[in-house]
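TrEMBL annotations:
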SIGNAL    1-22  signal peptide
BINDING   Val152  FAD binding site
DOMAIN    325-339  domain 'Glucose-methanol-choline oxidoreductase N-terminal'
ACT_SITE  His599  active site, proton donor
ACT_SITE  His643  active site, proton acceptor
Amino acid sequence: MIFLRSLLIQFISLQLLSSAYGIIPLDYCANLEPFQQTLNVAPPPNFSTRLKDLRTVPTAPTVKNEYEEEFDFVIVGSGPAGSVIANRLTENSNWTVLLLEIGEVPINTTEIVAIANSFQMSDYNWGYLMEPQDNAGLGLNDRLMNWPRGKVLGGSSTISACVHSRGNRKDYDRWSEAGNPGWSFEDVLPYFKKSEDFLVQIQDPEYHSQGGLLGVQDVPYRSGSSEAFVQAALEFGYEYIDYNGREQVGVSFSHGTMRRGRRSAAFNAFLEPFSYRENLKIYTGARATEVLIDHTTKRAHGVRYDKDNEYHIVRARKEVILSAGSFNSPQLLMLSGVGPKDHLEQLQIPVIQDLPGVGQNMVDHAIFYGITFTLNESIAIPFDQIGVNEQVMEDFLNGEGILTTLTGAEALAHIKTPYTIEPDPTIPDVVLIFVGAEALAHIKTPYTIEPDPTIPDVVLIFVGTSNNANNGTVFKELVNVRDDIYDAIWGQIPDGAPAVSIVPMLYHPQSIGYLRLKSNSPYDVPLFYGNFFTDLNNDDIKVLTSSIRVIQELLTMPAWQRYDAQLIEPKIPGCEAYRYDTDEFWECLLRHIGATANHQVGTCKMGPDSDPDAVVGADLRVHGISGLRVADTSIMPGQVAAHTAIPTFMIGEKAADMIKESWG
């Protein structure tokens, strides 16, 4: 037993060392084969794969037109919603379910949340890139913004940072008010609670439950810098809250979607433990290429998919459920003849149902990486220990230590900014993410278009490290930032100097994007138009700028002054014309290094028939098509004040109950 534990430590050490530098020594992997069988892990993916290379188009396989198998339900996509639905439907032993997933089984080291960024640079990621923009991404190579999406069992929950957040109650009340009965906060709260095993120490217990399949806990590791962030927010006047409970504007250490310090995700919570069920089949390496819909009756009756470069057709006796995410669900609908008529006709796709909203209404949280400050004491996360210290590995196996951090997102401050587009004071505008994410502050900024004081505008995500870790190797690859931009900011940090970051994330952006098919081939990557910072009144920029002012005030609090916190002046190429610290200066920086939080929603918007942009109704059935539902982030009619994984688990739980009710 001690010998196996030692082997496991060595194996994790190898992968961590490789992850830190973006490279797996593939010639060494052959030596691990005896250990991989013992440890139940697969060979690691090639971390040196460039995202652009992941867009390679395979050769189309030979077409087949006959059914090969039949199931009651066919689900496309194994992310949070798809995995939950597959699990809940197969609770009925009389129903058969097929789950199609293009990705493969994840290796065990995906459970180490601290190195999640490395998996976002592997073939566990689709490698999507936003089309170049004129208003954002100006400091990126070729102005291309990476949009990581999970291409693995468990979907994006397998490669995410595991920050557990639900959103504000009024986000969901607005869904209901927009013509979606059954989706108010009181309606969906039972489904949030159904999934979770909530073991966070400071909580509002009436909003939580224990015993669910998805683990939630306090992140075991906390750096001294995250303690300073939380203390500074308290000194500033924010209250310490359970941001998944009664209130959301305030500060908190991050809640982690974890169990015993390891990632708790769609695959290892909802699929892997139930693989023994004979009525559940999971096909990996299976790319869904078309939903089969009868052109006369407009009923979905099956799915065509490509596995091992050969087409297969499977029949769905009851329903087809798309849970392929905000990019792939609308892509599949359009390839199947459901979408904007003009666009489909242009690509010579026979139109079955004209739904102009398919691919529209795409909303993503915007974040800003440019707030980094130095300290006079080493209280940041010591990421240089990863992969070189055997004690670190031992700690992880015991459910503690540095490897349990949420890629550094240690704390959150959900805030209302001085300039807010959300008038409700209970709804935060921005989350300030302390990177290291251990703590969160959900705040209202002075500038807001949301007057409700209970709704945060921004979350400040505190990261207990800096983007110059490992000489910026991972950060530059992940964000695709230009070298000259990187050097102008993080190159200023002296070698070995303690530095940390606060990342503001805009909760309710006004800028709306969309996606379009590139061709009528399922192998061509769609065209993604994020339209960041294009809203008519420039509100998105103004709220984020206002959140920067809040951060500057936080740095004057005694908790930070104790460490002589000094903000690095980010004087980047392209912004020389603007005087430092003016609003115009910060707008220029936001347009250069503002980025995606990878929380795209809305591309198959939920709404009534009377809404011309709606794709599905409140029952998640596609308008005009029977036997077909969509259940994933794409159905969200608006963005939520949360990281979107947990709302997607909720959507899966609610969808499963609606499907069960429909079929008895």
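Every residue gets a Cβ built from N, Cα and C, even glycine.
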Neighbourhood of the residue listed as 'active site, proton donor', C-beta criterion under 8 angstroms, separation at least six: Asp364, His365, Thr633, Gln639, His643, Thr644
Averaged pLDDT score, the domain 'Glucose-methanol-choline oxidoreductase N-terminal' (325-339): 99
DSSP-derived helix, strand and coil totals, residue by residue, for the domain 'Glucose-methanol-choline oxidoreductase N-terminal' (325-339): 11 helix, 2 strand, 2 coil
All-chain count of other Cβ atoms within 10 Å of the residue listed as 'active site, proton acceptor': 31
Val152 (FAD binding site): tally of other CB atoms within 10 A of its CB: 30
